[in-house]
Each structure stands twice: as C-alpha cells, then as structure tokens.
Amino acid sequence: MYDLLVVGGGAMGGALAVGMGGAEGGPRSIAILDHTPAKAQAIASMLPAGAAVNTLEPAEVYLLAVKPHHMRGVLSSLPVGAKAISVAAGVRLEQLKSWAPSGCEVVRAMPNTACEIAAGVTAICGDENDGALIARAKELFQLVGEVFVIAENQFDVVSALSGSGPAYVFLLIEAMQEAGITLGIPASVSLDLARATIRGAGMLADSKRVDPRSLRLAVTSPGGMTAAAIAVFEELGLRHQTLAAVKAAAQRAQVLSAHADE
Ligand SMILES: NC(=O)C1=CN([C@@H]2O[C@H](COP(=O)(O)OP(=O)(O)OC[C@H]3O[C@@H](n4cnc5c(N)ncnc54)[C@H](O)[C@@H]3O)[C@@H](O)[C@H]2O)C=CC1
Ligand SMILES: O=C(O)[C@@H]1CCC=N1
C-alpha cells in the first residue's frame, strides 16, 4: 500500500508530490496517477520513492489534484472506505462526499504552488467527524509550508487570497519588469531586479511580523521617489483593484462548484 497516491500530476499535483516527496519525514512511498502517463513518470523520477501508476492502487491517503469538473469521476472510482483530500477550487464537502463510495472520508485543502519548495500556504477544512483525516492532512501539508484549518464558509475567499495569490505576485513581477524595459533597462536585468526585490520584501515582511504599512513607510521618504510612485498607485486605485480581483476569484469558485455537478 502506498502512503500517498496523487491523482492528477499537473501544476498543483506535481508541486505537492515533489514538495511532500522531498520533505524530511514525508510519505515514504508516493504514487502518481495521471491521464498522461509521461507526466506521472516525470514527477515520479524526481522523488526518492515515487512511482507512476496506471490505476487507483491501494493507498493510505488519496490526494486528488484534478480540475473541479473531473473530481466527480475520480471520487466515484475510489475504493470503498478510502481517505481522500481534494484540492479542487470551489467544490464543496457536501458534493465531494455525495460522489464518493460509501465509507469514504473526504476533506478539502487549498494549497498554492509554492508548496513545491516548502514555502506554501494551505487552508484545510472538513466536517467535525473527520478529525483524524484533517489531522493527517495537516501533517502532510505542514511538510510543504504553513497550514490554516478554517471553516468551509471562508474557503472561497481564502482560496482567492492564498491559493491564487502567487499569480498576483508573479503578475507584479511581470509588470515591474515591463516598466523597467520600457524605461530603458535590459530585460534580463529588469527581471532579476524585480524578482530579487519581491523575494527580499516578502522575506522582510515575514521576518519582521509588523504591520506592512510601517515597512512601506520606512521605504517612503517624505517628498521622495517612493512617495511619488505610491501616490500614483493610490490614485489609480490599486486597493480597489485588489479587492475587486479577490472578489472575482471568490465568486468564480461558485461557478466551478456548479459546473462540477454537471
Ligand atoms: N494550480 C494551482 O495553483 C492550484 C490548483 N488547485 C486545484 O488543483 C486542481 C488541479 O489544478 P492544476 O494542477 O492547476 O491543473 P492541471 O490541468 O495542471 O492538472 C490536472 C491534471 O489532472 C490530470 N487528470 C485529469 N483527469 C484525470 C483523471 N481522471 N485521472 C488522472 N489524472 C487526471 C490531467 O491530465 C492533468 O495533468 C484543480 O482542481 C485546482 O482547482 C488548487 C490550488 C492551487
Ligand atoms: O485558478 C484556479 O482556479 C486554481 C485555484 C487556486 C489557484 N488556482
């Protein structure tokens, strides 16, 4: 029996398999199942004890990382009594449980792709009577970053913040690079500057644990360069844009949930 069987070796399943498989004290054996066998093989080859499989072989825990609309098919083919963790956006516990064979336990997790390098953030939720599986999910995801156990009614907003969040930061890196290029800096230098700046600012915010506003003010000399830039961000509505974007992502979760039922 495998300790963990990851179904779906795409962006998220791959990141989790690589992160968990490489972590000290992580699952001793990990199997990966994907519709495209080459994807599963590529991931397995990166793991000390990874195997690409072609069917749902016996496993202590099944980590389901397929798209929301594929979740119903995968869940219904799990063995009776299986323990499963779904990372699908939007799809509710009630739906997941109704599709799984009898005796199965299912909880939800919302990780992000930084789990690949053990710098992820994962939210977990489950029903009260699934305490043991919630605890196991917590152990697994703590191998690859920080974990928050939250109520399901907060899951869509949390998913819109930390699940999708890396993409917002990558967009900022892209935008900073493009600004540098437009203003005359070579593309590679511009990208290196943007990447290293985001890394340093993230690490500083994480290590200081203070209100980010005070870190911002420490950069912003009155009447100086940064103040000129921040005034433009505020005038163009960065906060309003961020709220609208996070709201749009959270609302999309409801559509994904409805499509998964079809
Ligand atoms: N990409 C991300 O940053 C995050 C994704 N998620 C969730 O993770 C899930 C997967 O998303 P991605 O990895 O981005 O998608 P993806 O498209 O990169 O990967 C999905 C994989 O599942 C495989 N697949 C589909 N049906 C299958 C089946 N029946 N059996 C075996 N393999 C099957 C596909 O071949 C594909 O490789 C989604 O439900 C998404 O909501 C959650 C958090 C973050
Ligand atoms: O975009 C999506 O739907 C998934 C969920 C969070 C990140 N990626």
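Using N, Cα and C of the backbone, Cβ positions are placed for all residues, glycine too.
If you look up TrEMBL, you'll see A65, V66, K67, P68 marked as NADP(+) binding site. When Cβ atoms from all protein chains are considered, those within 10 Å of K67 (NADP(+) binding site) total 16, not counting its own.
Per DSSP, the domain 'Pyrroline-5-carboxylate reductase catalytic N-terminal' (6-89) is made up of 29 helix, 20 strand, 35 coil. As annotated by TrEMBL, domain 'Pyrroline-5-carboxylate reductase catalytic N-terminal' applies to 6-89.
The domain 'Pyrroline-5-carboxylate reductase dimerisation' annotation in TrEMBL covers 152-254.
Take the mean position of the Cβ atoms of A65, V66, K67, P68, the recorded NADP(+) site; other residues of that chain with a Cβ within 8 Å of it are G8, G10, L64, H69, H70, M71, V74, V87, A88. Within 10 Å of the C-beta of A65 (NADP(+) binding site) there are 28 other C-beta atoms, taking all protein chains into account. Cβ neighbours within 10 Å of V66 (NADP(+) binding site), excluding its own Cβ and spanning all shown chains: 23. Sorting the domain 'Pyrroline-5-carboxylate reductase dimerisation' (152-254) by DSSP state (H, G, I as helix; E, B as strand; all else coil) yields 88 helix, 0 strand, 15 coil.
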